[in-house]
Amino acid sequence: MHQSDGIFEPTKWMDLKVGDIVKVEKDEFFPADLILLSSSYEEAICYVETMNLDGETNLKLKQASDVTSSLHDDASFQDFKATIRCEDPNANLYSFVGSLELGDEQYPLSPQQLLLRDSKLRNTDYIFGVVIFTGRDTKVIQNSTEPPSKRSKIEKRMDNIVYFLFAVLVGLSIIGSIFFGIETREDLENGKMRRWYLRPDDTTIYYNPKRAAVAAILQFLTALMLYSYLIPISLYVSIEIVKVLQSIFINQDLHMYHEETDKPAHARTSNLNEELGQVDTILSDKTGTLTCNSMEFIKCSIAGTSYGHGITEVERALAWRKGSPLAREVPEIYGQVEEFKKEKPLVKGFNFVDERIMNSNWLNEPHADVIQKFLRLLAICHTAIPEVDEETGRISYEAESPDEAAFVVAAREFGFEFYERTQTSISLYEFDLSGKKVKRSYKLLNILEFSSSRKRMSVILQ
């Protein structure tokens, strides 16, 4: 947080106030709702991950207003003063209305400048922002609701049984105290003692015939304690112990181990064991939603020639259902695929096998120039963002959709490796027609976003 004279010091989220200027660095969460003033990029853009808000893993692009985009270092905020007028706190994540007054001029603010609390700064070294909503006024807190209580059916049934037994206990105690009060009141008749062994003529309040009502109330309390063993409180403890033992068995179950991800079953809670496998509600739609959403580059057609021998799980299932396994129909191709998988580790999103294109063999194909353009197109026509692993040096991609990521990964495996993106350029390593790997940069003039009318996205490059 900005203190004074352009000095920023670490500050707790709880100490932030509206109007404070904060500096957030890469991979940190925004501590409050901020208005973006500037960033480490010249264009004052930043990339934001909103997974905690809407579950989307693709990065959102935010851009500051032109009037504040030149504030790139700490010292530039030494004499910075401005006024922001905006809407009252509300729960709408996708709308924002406000204005920034700097000097005598007013500049509009939109959701493009709004950085919401609980979203994370990605692919940007740092940003400067001004706090507009804090604490309970932030949009994410305005949207939060009380978490539902997760209680299994057996616990709810036990609760009902305990309520019933408690009602029986109270009923017995009331009936017993009424009869006790009546008997106590009639203990001394004409100087004769009916229950002489209780000495009603020389007693405390408990058996005093003159105060029978008070004696009945005390008898009611006594009966509650005496009959309290009717309620099986220890049953809760016994069932909880059983559930803990069940969760241990679940954690050690070899049949629930997943080899692909090297993960065993892990019971995070023990109070829902008996609910496992019980289907209560089925939510479905007919819009073609992909539940798995796993995209793989398997086949392609270039210049009228089909490339790729990859076999999808769907093809295998279809062939098995028809009674004609793919392995019998095309043993040579299937053998190549299995052999290739053994030699080379699996790459997520890439399931392509064809020696005509792999390992730069496409240079020997009749339409090598068309194949080169095809592979170059895979590497540059997208909105993905590269991330370099500092330890291994391998590049991974943050894409808006898994199919877009599959295309960029495929281009990388073919030798056309996209490695850097700025607001105005795309850089990649690619092969020329002589077989040399060259480093080339393309000037990005415009991105035409996907729309339902065009049914495609395009880039204009120089």
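Any Cβ shown, glycine's included, is placed from N, Cα and C.
Features reported for this protein in TrEMBL:
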type	residues	note
TRANSMEM	161-182	transmembrane segment
TRANSMEM	212-237	transmembrane segment
BINDING	Asp285, Lys286, Thr287, Glu404, Phe450	ATP binding site
BINDING	Asp285, Thr287	Mg(2+) binding site
ACT_SITE	Asp285	active site, 4-aspartylphosphate intermediate
Folded-back contacts onto the transmembrane segment (161-182), same chain, C-beta under 8 angstroms, at least six residues removed: 212-213, 215-217, 219-220, 223-224, 227-228, 230-232
Which listed residue (Glu404, Phe450) has most other Cβ within 10 Å, given these are binding-site residues: Glu404
Protein Cβ atoms within 10 Å of Asp285 (ATP binding site), excluding its own: 6
